[in-house]
Amino acid sequence: MYYQIVSFSHKNCEQSMREKLAFPNDEEKATFLEQLTGFEFVHEAFIISTCNRVEIVMATRDNFSSYHAVLGLMSQKGGLNFYELKSTAKRYDDEEAIEHIFSVVSSLDSLVIGESQITGQVKEAFRFSFQHGTAGRRLNRVLSYAVKCAAEVRNATNISQNPISIASVAVAQAHKLLGDNIQGMKGIVVGAGDMGVLAAKHLLRVGCDVVLIGRDLDKVQTVADSLGEDVKADTMENLTKYINRYRLLFSATSSPEPVITGDLIENETLPRQWFDMAIPRDIEDMELEKLQLFRIDDLRAISNDNHAMREEQAVRANEIVERYTEEFYAWLKALSIEPVIKQMRQHVSAAIEKEMQRALKKGFVPKEYESNMRKMAEQMFNRFLHDPTQNLRASSTESKNTNCIESVKKMFNIDTEHVDFKQYKNDHHTKGYSA
């Protein structure tokens, strides 16, 4: 079994391409996962689809085939050229894949280092796949380690103190542009999901009143009530009124198409500071003289200061990620040797049984001596196998001994391809991440 991640993130993929590759709804995500895991060489998979990344996380039988299967499905989904997609994609295999997912969950690979949302987003991505039958024990143990790693990063560094998100960067930029004048202004937030709620909270902190807009008034009203009396709820039907009256707008819906289009603009002379925090984009490209429009990728330069401030802590955090990656693979390799040892002992038991039956049938061993002879044979073989099994366990964590272990499997005709490794987990790791 192998691990692989195919990544299209803010580091290697422009926003316009990420928009085409994004999964705006659960139905599209479920269909893609069903198609991908339908290939015999893909054991399990889940999708991380956020404003900053689209990544396919897999446990595979063949990384080469899995990689090209992902590219093929993604090119069909996004209407993109296969080879263009291949030249853009970042591929992580095995230990690189494990280190990458640990970094992602620990918020070290984010556009804003230390942002607080990604851990929950990855957990939810796995939970979705688990519930749809496309992810299970193989990726569960990866996520279990990733969550533990993220917890240690948070506890051992201050990288996540005063949690930062794209929403906070956007509000900070608005504050920078408007200065103290922002106090008392009305900020329009389109979308009542996690990002919209974060934007509303940050606007309240800088002294703004907030209008929270969504499609379902009851849901939006519930969210608005939880944020306090300075937040008003309204529906998308009244969006035109707000964008032509107030200058500050933050949009983060899950709509597959822009919700703010040029035909909604009535007052072209109104100064506007708009922040599009959605993938795909919520705000259509438009030419307005007094419009300052910031999209996801525009916030990258703004967040560079945040990277610089946290660089020292990020070094410490990356050391933790490297250690957890080594520990995970050491555990995985140690785990993989147990079925080999068990089958060696099963072969011995079968040989003892076969020879005992032959000896009894031929009269070499009287029936009354059978129990003692069987016990003696078992003790002899246990003593004979003791040193080899101990050495196998010790060498299982060393990559240079992989060929040795494979040779043992070949010598004893041992097949571990279809073994359920779950029964061999040591006690420290049995709980894992609960889907």
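Even glycines carry a Cβ here, placed using N, Cα and C.
Under the heading active site, nucleophile, Swiss-Prot lists Cys51, citing sequence analysis as support. The substrate binding site feature in Swiss-Prot is assigned to Thr50, Cys51, Asn52, Arg53, Ser110, Glu115, Ser116, Gln117, Gln121; the stated evidence is sequence analysis. Swiss-Prot lists Gly191, Ala192, Gly193, Asp194, Met195, Gly196 with the feature NADP(+) binding site. Sequence annotations record features per position, and here Swiss-Prot assigns site 'Important for activity' to His100 based on sequence analysis.
Sequence features, as recorded in Swiss-Prot, placed on the structure.
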residue	record	contacts (Cβ under 8 Å, 6+ apart)
Cys51	active site, nucleophile	Ile166, Met195, Ala252, Met277, Ala278, Ile279, Ile296
Asn52	substrate binding site	Ser9, His10, Ser110, Leu111, Ile166, Ile279, Ile296
His100	site 'Important for activity'	Ile5, Ser7, Tyr92, Asp109
Gln121	substrate binding site	Ile48, Thr50
Gly191	NADP(+) binding site	Ile213, Gly214, Ser251, Ala252, Thr253, Ser254, Ala278, Asp282
Ala192	NADP(+) binding site	Leu212, Ile213, Gly214, Lys219, Val220, Val223
Gly193	NADP(+) binding site	Ala252, Thr253, Ser254
Gly196	NADP(+) binding site	Ala167, Val189, Val190, Leu212, Gly214, Phe250, Ala252, Thr253
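Cβ neighbour count for Asp194 (NADP(+) binding site): 15 (other Cβ atoms within 10 Å of its Cβ, all protein chains included). Those same-chain residues not listed among Gly191, Ala192, Gly193, Asp194, Met195, Gly196 yet with C-beta within 8 angstroms of the centroid of the NADP(+) site C-beta atoms are Val189, Val197, Leu198, Ala199, Ala252, Thr253. When secondary structure is read from DSSP and collapsed to three states, Gln121 (substrate binding site) falls in the helix class.
Counted within 10 Å of its Cβ, the other Cβ atoms near Ser110 (substrate binding site) come to 25, all protein chains included. Cβ-based neighbour count (10 Å, all protein chains) for Met195 (NADP(+) binding site) stands at 24.
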